[in-house]
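A quick write-up on the structure given underneath.
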Amino acid sequence: MAVPTIPSPACISQSANGSIISTRRSTETNPRQHPSTSYRCAGRVVRRQGRSAISRSGSRYLHDLEAGRSLLKRVTLRRDWDSRLDEKDQYPRLGARAAATFEAKPENAEKDYSKNGKAANKGVDNGKDRLAKVPISNIRNFSIIAHIDHGKSTLADKLLQTTGTVLAREMKEQFLDNMDLERERGITIKLQAARMRYVDETGEAYCLNLIDTPGHVDFSYEVSRSLAACEGALLVVDASQGVEAQTLANVYLALESNLEIIPVLNKIDLPGADPERVRREIEEIIGLDCSEAILCSAKEGVGIPEILNAVVKKIPPPKDTAAEPLRALIFDSYYDSYRGVVVYFRVMDGRVKKGDYVQFMNSKTEYQVDEVGVLSPIQMPVNELYAGEVGYLSASIKSVADARVGDTITTVSRKAAQALPGYQLATPMVFCGLFPIDADQFVELREALEKLQLNDAALQFEPETSSAMGFGFRCGFLGLLHMEIVQERLEREYGLDLITTAPSVVYRVHCTDGTITECSNPSALPDAGKRKSIEEPYVRIELLTPKDYIGPLMELAQERRGEFKEMKFITENRASLVYMLPLGEMVGDFFDQLKSRSKGYASMEYSVKGYRESKLVKLDIRINDEAVDPLAVIVHQDKAYSVGRALTQQLKKLIPRQLFKIPIQACIGSKVIASENIAAMRKDVLAKCYGGDISRKKKLLKKQAEGKKRMKSLGRVDVPQDAFMAILRLEKEVV
């Protein structure tokens, strides 16, 4: 249906100064009689005093008169708000949001009116100040060392807020922890860096670069590279809990890098805080002078100015080596869908700018730099970065494998003579199989792993096929936490339902023909006749515990084939236990048992120390005379019987009964060491026989026995998914 033409549409007329003169409406057509009639309205507000004009759509069709009136009302309100914004002194509570919404005059835009009417001048100018260059003598690069839950993220938040790097209205808890998993677990997984501008009491401006570090032992290599990019570190210790195991591990890494360490006693506001006791602990255990340790409460903001002053006065500036060939240390990287891999680095020597051709010295790949900038903590592009500065670069890099943590960046035109020391390839230590519950999700699982690998060069995976589980992947991880994080991200971010096999470690198998092979999958272990010996990785584990739990923890270590090395009392009430332990004994529930037996008070840290020969055997689980590969495990010879007995008994409870008897066996080679049987369901074939000749009954029973025999030879026992999941959980506990 055609829309009637309106010779004289409703409109808005304006004078030169923007005021509304009149409105005209057509009287030739009654809009109430013609609902489909459209009124055309055009509105324009001309801003006075040099402000830019705001123009609404020149033509806008409205389907009734009320809508036209509504538009006219909005235009009038817009005009009224603009006039009110000119009188900012009379309306101090409009705030930054109102000023941005109604586009206040340019001379007012740089003032951020807070809720209490006071101007906060740490808005637009602060970003410009952070980009301003300072002498290299005024640069400080530092990190924060702390155990889990000792307040590292809270302290970082306060430093960002106190220096004005992040405005109060933008602040949130754990600002540098972007992943949901990091917030939920209270740990740092992906590194972050933040550039802060700090002005001391004399008015001198400093550039402070905070390089965050992950706190878990799985990422100890990343921690070492982050510390290598700094000249100092804040040692944060909970004033109520004292020194923990992970604190010691990271402090030793910092001392190896010759960093200036500033002790900070956090959480002094807690009722159980005892700063004097913790000072003595630090001096006795680590050997640091804590007479000038800073008392701090990051939550309440106590001691933050003292920490900033200590960073400026005690941590030395970087060396002025800007004239030398470029050498930059990569301490983190991540994959961006649009720019490729974005590299976080510290310039150790030389300069780098946009357009330079750079080479990653260990991977031997070359790229042209598309963008360089600083992290404040958002990415802010700059023209150039020189020695001592921390920033990022993007160069259309397609894989994080080309820009690994610890690699050295140099320019193609003027290459450095040698790379920075300390580079290592991240080597997976723990392996497990990942299988989708729904076989149709195999392709989705592969795509999800490929996406995760773009951000995580340490993650390795390869296809794996199982007769019982179908198609899946054998994945390698840095440690148990790394494995848990990847599994949880696959399930949460990609919506996958997964079955995970029992975790295993990498074994070295010496074969009879003189070759040495590495095996991470128990089902791929060579036959016993081809094996000469098997080596397994060992770790040095240090346990810090109150003296009341020394006995239970020593029992736990001995149960896991631990070799006692040392015990010492670090204080009157706390002791340190050192053991050499097989890594395979830790990948189960060792940490859970540690916390359970110590009531949560003990902490641990470990480091891999090499391989040792052990008496290991492959334990196969056979169901109805068929080996089930995902249930195979490598165990010590002394534990094989108990593990086999536990697995067969559990499977007997979980597998449903069939019309034929199902044998469940735990085998070492061809030798059965444990066995259980699931009895067959009985079908009463004699129910219709009410008497008569016994030969009829014998004939029916014989026919039933032949059918069961044929069914057993041809039948297939499907282990249900919940049984698999339960038995795999049991494997993680008993292995």
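The count begins at 1 with the first shown residue.
Cβ from N, Cα, C; glycine included.
These come from Swiss-Prot:
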type	residues	note
BINDING	146-153, 212-216, 266-269	GTP binding site
COMPBIAS	106-115	compositional bias 'Basic and acidic residues'
DOMAIN	137-319	domain 'tr-type G'
REGION	1-38	region 'Disordered'
REGION	106-126	region 'Disordered'
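In this structure, Ile268 is the one among the binding-site residues Ala146, Ile268 with the smallest number of other Cβ atoms inside 10 Å of its Cβ. Taken residue by residue with DSSP, Ala146 (GTP binding site) is part of a strand. DSSP assigns Thr213 (GTP binding site) to coil, not to a helix or a strand. Mean pLDDT of the predicted structure over the domain 'tr-type G' (137-319): 81. Counting other Cβ atoms within 10 Å of each Cβ, the lowest count among the binding-site residues Asp149, Lys152, Thr213 belongs to Asp149.
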